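Taken straight from TrEMBL:
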BINDING   B:Cys141, B:His143, B:Glu175, B:His199, B:His395  Mn(2+) binding site
DOMAIN    B:221-314  domain 'Peptidase M20 dimerisation'
Protein chains: 4
Amino acid sequence: MDDDTLVSLRRDLHRKPEPAWREFYTTTRIVEALEELEADIDELYVGPDAIAGEHRLAVPDEAELDAWYERASAYDIDADVLESLEGGYTGAVAVLHRGEGPTVGLRVDIDGLPRAESEGAGHEPAEMGFRSEHEGAMHACGHDAHATIGLGVIDAIADSDFSGTLKVFFQPAEEVIGGGKSMAESEHIEDVDYLLAMHIGLDHPTGEIVAGIDGFLAVAHLEATFFGEPSHAGARPEEGRNANQALATAVQNLYAIPRHSEGETRVNAGVIEGGSAANIIAEEARLVAEVRGETTELMEYMREKGTRVLESAAEMHECELEVELGAEAPSATSDQGLVSIVADVAGKTEGVERVLERDKLGGSEDATFLMERVQENGGLACYIGVGTDHPGGHHTSTFDVDEASLRHGIDVLAGAIERVSLEQPGR
Amino acid sequence: MDDDTLVSLRRDLHRKPEPAWREFYTTTRIVEALEELEADIDELYVGPDAIAGEHRLAVPDEAELDAWYERASAYDIDADVLESLEGGYTGAVAVLHRGEGPTVGLRVDIDGLPRAESEGAGHEPAEMGFRSEHEGAMHACGHDAHATIGLGVIDAIADSDFSGTLKVFFQPAEEVIGGGKSMAESEHIEDVDYLLAMHIGLDHPTGEIVAGIDGFLAVAHLEATFFGEPSHAGARPEEGRNANQALATAVQNLYAIPRHSEGETRVNAGVIEGGSAANIIAEEARLVAEVRGETTELMEYMREKGTRVLESAAEMHECELEVELGAEAPSATSDQGLVSIVADVAGKTEGVERVLERDKLGGSEDATFLMERVQENGGLACYIGVGTDHPGGHHTSTFDVDEASLRHGIDVLAGAIERVSLEQPGR
Amino acid sequence: MDDDTLVSLRRDLHRKPEPAWREFYTTTRIVEALEELEADIDELYVGPDAIAGEHRLAVPDEAELDAWYERASAYDIDADVLESLEGGYTGAVAVLHRGEGPTVGLRVDIDGLPRAESEGAGHEPAEMGFRSEHEGAMHACGHDAHATIGLGVIDAIADSDFSGTLKVFFQPAEEVIGGGKSMAESEHIEDVDYLLAMHIGLDHPTGEIVAGIDGFLAVAHLEATFFGEPSHAGARPEEGRNANQALATAVQNLYAIPRHSEGETRVNAGVIEGGSAANIIAEEARLVAEVRGETTELMEYMREKGTRVLESAAEMHECELEVELGAEAPSATSDQGLVSIVADVAGKTEGVERVLERDKLGGSEDATFLMERVQENGGLACYIGVGTDHPGGHHTSTFDVDEASLRHGIDVLAGAIERVSLEQPGR
Amino acid sequence: MDDDTLVSLRRDLHRKPEPAWREFYTTTRIVEALEELEADIDELYVGPDAIAGEHRLAVPDEAELDAWYERASAYDIDADVLESLEGGYTGAVAVLHRGEGPTVGLRVDIDGLPRAESEGAGHEPAEMGFRSEHEGAMHACGHDAHATIGLGVIDAIADSDFSGTLKVFFQPAEEVIGGGKSMAESEHIEDVDYLLAMHIGLDHPTGEIVAGIDGFLAVAHLEATFFGEPSHAGARPEEGRNANQALATAVQNLYAIPRHSEGETRVNAGVIEGGSAANIIAEEARLVAEVRGETTELMEYMREKGTRVLESAAEMHECELEVELGAEAPSATSDQGLVSIVADVAGKTEGVERVLERDKLGGSEDATFLMERVQENGGLACYIGVGTDHPGGHHTSTFDVDEASLRHGIDVLAGAIERVSLEQPGR
C-alpha cells in the first residue's frame, strides 16, 4: 500500500468514527480493504467469528446498536459483511500463512469515542474536510490510524521474508475496555507465540518509537443506578427519595477515596444523569464511574471502596441501588525479548529519530487481556508506542495524528514481526 | 356536551400528552373541539395570536420542538391550525359575547409532563387502553381534564343566563412555569374583570370543592452549565477541570441552603447530566434546579443563595459557569368576593358533597401571573380546586382522575361564572 | 425591690454567666437574694430539691461541672447552699402562700451561654464594667434579667392583693433544653393551676409586651461520635478509617434533609470537633446537632432523617457511630384565658407603649415541658414577651438588655398574677 | 553507656512525652544526660542557642506553651536549663572535637505526639509501668528512642578512632514539621560536611538496617479558619453565615483533589473544630490540613488546589477565610557515598541480621531541611532506618519499640560516623 492509499483509508475511517461495539462501517470497510490487498488473506474471521461473543463487556443497548447499524447501512458498503455484524458483533481477525515458523499476532483497535470533534480553525480534519460525519462521535484517540497500520502491516509482511503465521486482530470496543476480553477468549489467540500491540501518540512526537510500554493501570467500570421515589418538589418535598442527592453524595465521596501507599490509584465519575424535571424530586439517577490501580490489587481496593460509597449514599437517601460491574482489564508488562528486537528494528527504520526502550502508559488498555493470555500460554508480548505529533491531547476535540507516522508504524511493526519470526526469542 | 363526549375528549388528550410548548396536537384538538360545539365561538385566537410570544419562558430547543411537531403531524388533524403553531407557539383563547356585562376569564392549562406512565395493573388508563402513546410523556397532573373542563364550561355558558363576555384561556407550558407570563402579557387579559383559574385533585377527593386556593409558592428556575476541561482520567487526571465534581458539590450545597424563619422555602436539583465517558474527566455538566418561596422575597433569597452556591462550586473546580434564569412565577391570593360566590354555588351543585372555603397549594403555578395582572388592573381573581380521587400523587406514574369530577368542575365553574356576571362583586 | 437593687442584681449575675447545669453561683446568689427580701418566702427548694434530678438532660461531664463548681467556690457566697448543688443539681423553687386561691406558677430561666462577650466600644456591659468575668461564657440571651424579674415579682406579689399560692421556678439549663423536663417532672408543678413563663427581647423594643407567644418549635439534640481508625496520613492513608470525612459527609447531608410541606423544620450542626493532628487520619470526631419542627411530628421527621444521615455517613467511611439522643422539648400554645388578662394588664402598665396579643417565637424553649404538664392537668399556661431594646441579636456577643424593661416585666407579670388569682379564668 | 542506662533513659523520656515545641522536660533531661557522660562535651547549645528561633514553624499558642512549661517545672530538673527554654525554644546541639577531620552531623528528633497511649494488656509500657504520665500525649513514633540513641552515639564516638568534629542535633518539633527549618537555618549546620539522620521502626523488624532511605514526601500544612456570623439556629437560621458548613464542604472537596499522573500525592484534614452550641449557627471553624507530594512540585500542586478549595468553600457560605501556611518540608535523597559506608558497617554489626541498601519512606520528615542544606553546601547526607519490632503502627496507641534496637542503632551510627571521618567519601 502506498502512502496515498494509507492516508485515504485513514481519513475515510476518521470521517466515520463509531464507538464501541458499533464499528459496523469500520469493520466492513476493513474487510473490504483486506480483500482489495494484492496479497491474498488466507483466513478471515469477521464479527461473531472473530470474537467470543459471550465475553463482550459494556455492550450498549439494542436501540443504540440499531441506530448505528442504520447509520452504517446508509453507506455504500458490502451488505453481507455488514449484516453479519448485527447486534454489535464487530471486529475481525485476518490470517496470513507464510511457511514454517511461529504464530505472531498483531493487535490493533478500531473504535471511536462518543465526543464531538472540533470545528475550529487549525484542526486539520475540519480544515481539510475529513472531520467526523457522525455528530457527537470522533476518532479522538487515533484508532483510525491503528486500523490503517494493521492493514499496512499485513500488506508489508505478505511481501517480506517473514516465515510463519501472522494474525492481525482488529479489535473492537477498546475505549470501553469491552472488546479485549472477547478476543482473549476466542480460539484465535490460543496458538499465538508472540503478540505485538501498539498505540500511536501518547505524547511522543513523530519520529519517536517506544519499544516496550508498561505501566498499564488495571481498570474496572462501575455502572450505578440509584432508584428513588419521585414527588412534587414544591408540594411534597418530604415524600420524595432523591436519586440526584444520592448521586451527588456518591460523586463527592468517590473522588475522596483515600490514596494508597502502595501505588497509583484513579477514580472518575465520568458520566452522570438523573431526574426528569426541575419540579420533580429525581426518581432515578445513573452514574458511570471507573476505578484504576497500578496493580490489580490496587484496582480492587478502589472498587471495594467505591462500591461501599455507592451503597451508603443510596442508603442515606433511601434509594435502591443497582451496580453493574462493567468493563475490566488487568495490568501487564512487555517482555524484554520482544522489546529488544523492536528497539533494534526501530533504530534502523527510516524516519525514526529516537527510540526509547521503555516508557509507562499511566492509563488502561484491554490489550492486556490478550498479552496476559499469550504470556500465560508461554508466549511473549510487547506493547509498542509509535510517536506522532498530536495538537490536542488524547480524547480531546482537537486530537489529530501526523500521517507521516502511519509509515513509521508499519515499517517498525512489519520489520519487528519479520525479525521475530526468524529469531524466535525466548523469555 | 354530554358526559360521553367529555370523557372521550379527555381520554383522547390523555393518550397524547405533550410537554410544555409542544402542545401541537393538544392545541389543534382543542380548536377542533371548539369548532364542533353547538354554540358559535365569537372570537378565537390560536398559537401566536393567543400569547405574547416574546414572553414565553423555558422554551425547549428547536430540535425538540421539531420532533414533537413531527409527531403531531402524523395525526389526522387540521393541518392549517397545526402549522400556525410551528416553533412552539401553542395555546388558544376562545371568546363568547353574551350581551352587556363584565368580562370574565377562565384559565385552564393544557400541557403534559416528561415522565413515563405506569403500565401496571390497576392503572386505569393502561387497563382501559388510553395510556400515553408518547413514551416518556404523560398527563400526570390532570391538564387533560383541565382542557376538557374548559371546553365544557364554554358549552355550558353559551346556554345559560350569563351576561357579559367570557374568555377561556387554554394556557400552554404551565409545568415549566413558562406559559403564564406569555398570556399575562397578551392583550387578551387586559379587559378581564374577573378571573377564575382551577386545578383538579390536589389531594381532595371526588365531590370536594375548594372555593379559594392560596399559598402559591413563588418560583424560579436556575439552569446552570458547568464548563470544565476534559482529560484522560487514567493518564492525566490532574489536567482535567471536572464539571461533574463541580455539579456534585453544587447539588450537595443547594439542598443545604439555610431554611428561612419568615416562611416556607424549597429547592430542587431536578435534572442533572454531565460527562461523556467513564474514562474522560467531564468537560461539561448541566443542572436544572428550581427554588421557591412562600413569598417572592423568600424565593429571591433562595435564588440569590443558590446562585452563590453555583458560582462557588464552579470556582472551586476551576470551571466556567453559565446560569440561565429560566421560568419564574410570583405568589398570589384569591379574592374573597369571588371565593364566596364559588363556595355558595358549589354548595348547591349536584355531586358536590363538601366545600372548603380556603386551602393552601404549597406548590407553584403560573396562573399567578394572570391573577396578578387582573388584580393590578382592579379586577378580582380566584383559584378553585376541584376534588378528584387520584390513585397516585400528582406527577407520579400512576396519577389518574376520576372522570365524574369533570362534570363537577364544569357545573361549579359555569355556575360561578354566571353568578359573577350577574352580581359583579367588588373587592 | 427598688430599681437600683434590680439593676445591681442583674449586673452581678451578668458578670458571672454560667452555662447549663453549671449555675452554681447563680443559684446560690438567687437564694441569697430571696433570703434578703423583706417578705418571708414560705417554702424554698434548692438544687436537688427543686428538680427531678434523674430527668436532667444534656448534663456536661464531671470535669466540666467540677471546673465551674471550683470557679463558683472562689466567690464569697453561702457555702452550704453551694455545696447542695454539687454535681450539677442547680435551680430553685420559691413558694409564697397568701391565703385562699389558686396556685399560680411563674417560670424564669437562669443560665448563660458558652460564648465570648464583646469587649467592643458601644457594648454597655464592657463600657460600664459588668462584662462577663468568665471568659468564653456570656449572658447573651437575657436570663440574667429573667432571674432578676423573677425575684422582683415575688417581692411585688408579697405586697399585693394576690390571693392563693405563688411558685416561682428558677429553671436551670434552658439553653441546652435540658432543665425544663426536670422541673416538669418534679412534684412542684403538679398543683399549679396557672403557669406564666416569660422572655425578654425577642426583637421587641422596650415598652412592647406580647401577651401570648406561640410558635414554639419542638426540638431534639443529636450528639454523634464517629469512631474510625487512625493511621499515618503520609505513609498509610489507606489504613485509616477517617472520622473527619464521615463527619463532613454527615454535615453536608444533614443540612440537605428535604424541607417538609406541613410546616417549618430546622437543622443545625452546631458543634464539630475531630482528629488530633494534621498527619493522622482522624480516629474520632464528634458532632452536636439539633433538629426542630413546627410540631413534634415534624421534629421527629427531622430526627429520623438526621439519624439515617449519621448512620450512612459512618458506614460510608467504615466508622462506628454512637448517637446520644440529648435534650428535647415539645411544642406548646398559650391559652387565651391568660393571654387576655396579660394583654389587659399590660395595656394599663406604666411604661408599656404597645401590646401585641399574639406573636410567634420561631425558636424552641423547654418552658413547653412545664406548659404541657400544666395544660395536661387541666390548667392554663401562657408565655409572655417583654420587649427590650437589644443592640445585638440574641446569642451574639453584643446582646444586651435595656434595664428599664426589668420594671416593665415585673409590673406586667405581678399585675397579671394578681388578676389571675382573683378572676381564675377558665379555658 | 551500658544497656541499662540506655533503657532507663528511654523509659524516662517515654513517660514524659512532650509534643512539638513543648519539649521542656525532654530537652532539660538530654542536657543533664550529656553532662553526666564520662566524656566531656566540648560545646553545648541549648534552646534559643541551638536553633534559629525566628524560623520555628507551627509553634503553639502561649497558653499551650505555658501549660506544658508548668508541667515540666513540676519535675525535679535543672531549673536554669528549663528556664532558658521558656516560650518554646527547645532542642539542643552537642559538639565533640576529636582532632583533625571533617565535621559530621547526626540529627535525632525528640518530640512526642498529642495522642493518648494504650492502657491495654499487652502494651508493654503500660504493663511495665512506663506508660505516658501526660494524658493525651505519647511517644508514638519512637523519638524517645531517637534521643537515647543520639546520646549513646556521642558516648561511643568519644571513645573511638573518630577524627574530626561531631555535632549531634537534638531536634524539636519534627511531628509538626516545625523544627527542621529552625535547625537548618542555624549556624550549626553550616560547616557540616556529612549529615546522618535516622528513624527507628518504619515497619522494619529488629535486626534490620536500611542504609539509605529516600521517598520523603514533600509536605506543607494549611491551617484554615472560617469566620462566619452566628445566629440562632431556630429563630433566624437565614441570618447566620455557617462556618461549619463551609468547613464540611472544604473537607469533602480537599480529599477529592484529583490524583496526579506524575507521582504520589496526599491530603489529610487532620483536625477540625467549629461552633459553640447546638442552637447557634457556627461563627468560627478551624481546620488543620496537610498536603504532600512525591516531589516538591507535586506538593505545590496539592497546596494550590487545596487553597482554592478552602477559598471557594468560604465564599460559598459567605465566610471570611484565614489560611496560615504552616509547617513545610522539602523532599530529599540519600547520597550513595554515605549509603555504601552505612551498609558496609551495618553488615558487620552484631545483632544486625539483614541490611537493605535502599527503601522508601512514603512519609515526610523535616530532616530534609538539614539534608538539603548540607547538600547545597557541597556535603553529603543520608537517612538511615533502624529496624525494631513495633506491635502497633507508628502514631497508634500501641506503638512501642524493641529496646534491643537501641544498641543496634548506636553501633551502626557510631561505626558509620567513625568510618566517614576516616574515609571522607566524595559524591
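Backbone N, Cα and C atoms are what each Cβ position is placed from, and that goes for glycine too.
Features as recorded by TrEMBL, highlighted on the structure.
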{"residue": "B:Cys141", "record": "Mn(2+) binding site", "contacts (Cβ under 8 Å, 6+ apart)": "B:Gly112, B:Leu113, B:Glu175, B:Gly201, B:His394, B:His395, B:Phe399"}
{"residue": "B:His143", "record": "Mn(2+) binding site", "contacts (Cβ under 8 Å, 6+ apart)": "B:Val108, B:Asp109, B:Ile110, B:Asp111, B:Gly112, B:Glu174, B:Glu175"}
{"residue": "B:His199", "record": "Mn(2+) binding site", "contacts (Cβ under 8 Å, 6+ apart)": "B:Gly142, B:His146, B:Ile213, B:Leu361, B:Glu365, B:Tyr383, B:Ile384, B:Gly385, B:Val386"}
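Around B:His395 (Mn(2+) binding site), taking its Cβ as the centre, 26 other Cβ atoms fall within 10 Å, counting all chains. Filtering of the binding-site residues B:Cys141, B:His143, B:His199, B:His395 by Cβ separation from chain A (threshold: under 8 Å) yields B:His395, ordered along the sequence. Each of B:Asp109, B:Asp111, B:Leu113, B:His139, B:Ala140, B:Gly142, B:Glu174, B:His394 belongs to the same chain as B:Cys141, B:His143, B:Glu175, B:His199, B:His395, is absent from that list, and has a C-beta within 8 angstroms of the C-beta centroid marking the Mn(2+) site.
In the three-state DSSP assignment, the secondary structure recorded for B:His143 (Mn(2+) binding site) is helix.
In the three-state DSSP assignment, the secondary structure recorded for B:His395 (Mn(2+) binding site) is coil.
The Cβ of B:Glu175 (Mn(2+) binding site) has 25 other Cβ atoms within 10 Å, all protein chains considered. DSSP assigns B:Glu175 (Mn(2+) binding site) to coil in the three-state reduction, placing it in neither a helix nor a strand.
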